[in-house]
Amino acid sequence: MNIQVMPEHKLSSVAPMKQCNVEKKEVELILVKDQNGVQYTNSSIIPTNGSRVGPPGSSSEDNRETWGKKIDFLLSVIGFAVDLANVWRFPYLCYKNGGGAFLIPYILFLFIAGMPLFYMELALGQYNREGAATVWKICPVFKGVGYTVILIALYVGFYYNVIIAWSLHYLFSSMTTELPWLRCGNSWNSVNCTEFNGSLPENGTSYAKYKHTPAAEYYERGVLNLHESSGIEDLGWPRWQLVLCLVVVVFILYFSLWKGVKSSGKVVYITATMPYVVLFVLLIRGITLDGSMKGIKQYLSIDFNRLSDPEVWIDAATQIFYSLGAGFGVLIAFASYNKFDNNCYRDALLTSTVNCVTSFFSGFAIFSVLGYMAKKHGVEVKDVATEGPGLVFVIYPEAISTLLGSTFWAIVFFIMLLTLGIDSAMGGMEAVLTGLSDDFKILKRNRKLFTFATAFGTFLVALLCITNGGIYVVTLLDEYAAGTSILFGVLIEAIGVSWFYGVDRFSEDIERMMGFKPGLYWRLCWKYVSPAFLLFVVIASAVKRPPLRYDNYVFPEWANQIGWGVAMSSMLMVPFYAIYKFFSLPGTFRERIAYCITPEHEHHMVAEGKVRQFRLRHWLAI
């Protein structure tokens, strides 16, 4: 049928033309298959900058809750990313791997992999407004990746909450006139307990590794009760003191999350900002101590020769990855509650930079005190430097106990550890809650009950970690629950977004949200550099895997097999779901493939036989 368009002056003779404020829109036409001599097209409207709406297939009236204020989101992301590892791991890694020279590979990996992955997850969650599982409506075959990261976040919560409970136990124990780890002679001390005053152990053991100082014995015998366990096969009963602390932690998490981001967004005003106040106060106190400058100089000393050691580069790569927290589903969950047109690009740059600067800044507060400890005992900084729980539960508390006003400093320090842990635990649990409730609507309708069930479930499993031998369970989970499995998950996630969904389409999604496409640098990082980086870290983590041990205790082979079972239980979700998805779909082999790798809002094209290519790049075209 031919339609004749009248000239404008003839139209106006019938009815006067009026200027209408009609919004200009771009129309995207996609050429698809010829069928029965008819050529089909598919069109979609791309809104202009002034009116950006949700992704294709979404409702124009999206009733998903959003953050109360932009600052709620920023503090939540910073609070999750800035955790205990920023204090107890980065400073020691920096010192061990060449001081200032370590910042070269660290910053390099931040820009070529850390920030791009961080940006990708924020954009992915914000555009699709879904949790870690249902966000894969963009490429349904990869939905198993979502279940992988949700499981990993759940596993981490089993033991991470226990570390927070230790901090709470120390906080309560600090509320006394004399700190209990200052002297020997307590009920938990052994006959070998020794108070060193300007001396060192005679057996050649470094001070940081010596197990019979008052502080070391308080941690292992007074808190953990480790001396009553012979190994992971002899766990014993849960410690009632730690059970009470764990109950408090779980209740804090529940009441912070039961109402969604409206409640958690207010909690982070305290938990995300308190660590910075305390770190600054501890730094001011630290630099006034005798010997503090010696520690800071050791922290910043530059040894470029260390850069020739591959281990330095591996440490930098793994640290930047775990520090930013990509792959746990948390960034996707948090970003899904943003407004659709929020500038997540700026947020990614800001929050990832804040996280890394915090890691570097915390080193001054830590090493100023380590320098004081070294001067006090007449040894080198290397003899008192350590990482992990040994730093924050033994060495640092011991140094605090010798200061004037030690009770105050101890309370302040453990409040910092508590807040560092709480908001990271909140992020991990929110990833689980959002990921599953977006997938199963009945859980979303019963948010409070689901939150309680999740918190109570993590509490029950965590009871294994607060037995006499609980530290062995914590060590096992820390090694396997989020080790190779999280690296594998993020690698598959990066491949799914960059190669299957496509960097070009992903860039168009970002343009719909913010009005501009990511630059060439970001697209190259997403498609080539970040996947290569993740593959490097996965291989390095697999090759560099010494026998699992806790101090001198070597784990039995069956324990390692259980650990691999935990790791595989999450990783296998990727192939299992892909197989399930393929065989549960109707149609021919080619149509099933099309359903698996075509975004859900385009599935009608597959059903109508219109798809000529599956919107992958040319190397996957069928």
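Quick reminder: no glycine exception, Cβ is built from N, Cα and C everywhere.
Each of Cys184, Cys245 is a candidate, yet TrEMBL gives the disulfide link of Cys193 to Cys184. Here the transmembrane segment (103-124) lies next to the transmembrane segment (320-337) in space: the count of CB pairs under 8 Å, restricted to residues six or more apart, reaches at least 3.
If you look at the transmembrane segment (562-583), the same-chain residues 6 or more away from its ends with a CB under 8 A from one of its CBs are 140-145, 147-149, 151-152, 155, 476-477, 479-481, 483-485, 488-489, 492, 548, 592-593, 596.
Outside the transmembrane segment (349-374), and at least 6 residues removed from its termini, the chain residues within Cβ reach (under 8 Å) are 74, 77-78, 81-82, 86-87, 90-91, 94-95, 103, 106-107, 110, 114-115, 118-119, 207, 275-276, 279, 282-283, 286-287, 289-299, 320, 323-324, 380-381, 383-385, 391, 395-396, 398-400. Here the candidates are the binding-site residues Val82, Ser323, Leu420, Ser424. The one whose C-alpha lies nearest to that of Cys193 (disulfide bond) is Leu420.
The transmembrane segment (145-172) is not in contact with the transmembrane segment (267-287), judged by fewer than 3 CB-CB distances under 8 Å for residue pairs 6 or more apart in sequence. In this structure the C-alpha atoms belonging to Val82 (Na(+) binding site) and Cys184 (disulfide bond) are separated by 35 Å.
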